[in-house]
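As recorded in TrEMBL:
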TRANSMEM  A:15-36  transmembrane segment
TRANSMEM  A:42-66  transmembrane segment
TRANSMEM  A:78-100  transmembrane segment
TRANSMEM  A:106-128  transmembrane segment
TRANSMEM  A:140-165  transmembrane segment
Amino acid sequence: MQSISLTITDRDRQIAGLTTLAISLHLLEATFPSLLPGVKPGIANIVVLFVLYRYGFATAASVSLLRVLAGSLLFGQLLTPTFFLSMTGALTSLVALWLASRLPASYFSAVSLSILAAMAHITGQLLMVRLWLIPVPQTFLLLPPLLMASIVFGLANGLIVAYLLNGRDARG
Amino acid sequence: MRTWLSKLRPLLWGDWLVLLLSLGITGWLWSDWGNYAHATKCQIRQGTHIIGTYDLMQDRHITVKGTMGQSVIHIHQGKVRFEHAPCHNQYCVQQGWLRRAGQVVLCLPNQVSIVLLGESGFDSLSY
């Protein structure tokens with residue numbers, strides 16, 4: 001029988017380790033009581049943003065998408081609406097991060113990136129809800145309060161990332 | 001404590017720009033909130049019987065005879081409310097003015113209900 005062997009590179013181990021960290025934070029967050037339905041601090045994104053600075057966009061994207069995939073397996077949510085919502089949020093925030101990481105780093109710190117990614121995350125998710133889950137125009141009535149929450153949590157997460165980076169915030 | 005604080009740096013001006021712009025956009029969206037999905041018509045029912053569908057852009061009192069007595073509904077400049085009701089709890093009157101499409105107010109004891117309709121064509125929502 002032919003055996004298939006995969007070589008595991010250091011980068012694979014790195015991504016796996018960072019993804020584990022992101023999933024742990026995701027699991028931790030799931031134990032927090034939710035103040036409002038649909039509003040979560042998204043602390044796993046602290047890892048994603050930190051990775052973006054230290055290891056570059058490609059690694060951050062891998063960690064983010066693997067986090068959603070492996071996280072949904074842990075929660076038993078694979079291919080449920082929750083999974084697709086998480087995936088949409090992850091994808092739209094990655095697009096926002098990809099664009100925002102082109103902003104000059106001397107003027108825009110991790111806080112800017114975090115806020116923009118958080119807003120893109122919730123906007124993408126709400127768009128998905130509007131188009132697929134609850135296809136009525138009223139869905140967008142939820143946008144202002146959700147955006148407000150995303151700014152607050154984006155700011156908080158961004159400050160934590162800026163603190164963790166400790167001034168060494170040239171982007172990888 | 002001091003070392004912990006010294007790691008926290010003030011926001012860069014670009015961060016302030018992003019923060020203020022996002023708050024501004026959110027505030028602007030929020031200010032538009034009340035206008036969203038304005039109802040244009042209301043449908044009044046007694047039990048399962050539809051009394052009629054009325055345009056909200058008028059000033060009009062409609063009296064509906066229910067199972068307990070007469071409910072007075074007031075339509076005024078794009079909004080509608082129960083003005084008087086014969087029921088004892090007066091929940092319907094306390095709902096006040098309604099103006100958004102999809103909203104429903106009902107007087108259960110008197111079996112009178114008002115459904116607000118918008119241009120989009122749906123008249124109820126269920127989650």
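Every residue, even glycine, has its Cβ placed from backbone N, Cα and C.
Listed by sequence, the residues of this chain that lie at least six past the ends of the transmembrane segment (A:106-128) yet keep a Cβ under 8 A from its Cβ atoms are 42, 45, 49, 52-53, 84-85, 88-97, 99-100, 139-140, 142-143, 146-147, 149-151, 153-155, 157-159, 161-162, 165, 169. The stretch in A:15-36, A:42-66, A:78-100 that contributes the largest number of Cβ pairs under 8 Å to the transmembrane segment (A:140-165) is A:42-66. Long-range neighbours of the transmembrane segment (A:15-36) within the same chain, counting only residues 6 or more positions beyond its ends whose Cβ lies under 8 Å from a Cβ of the stretch, are 42-44, 46-48, 51, 55, 59, 62-64, 66-67, 70-71, 74-75, 145, 149.
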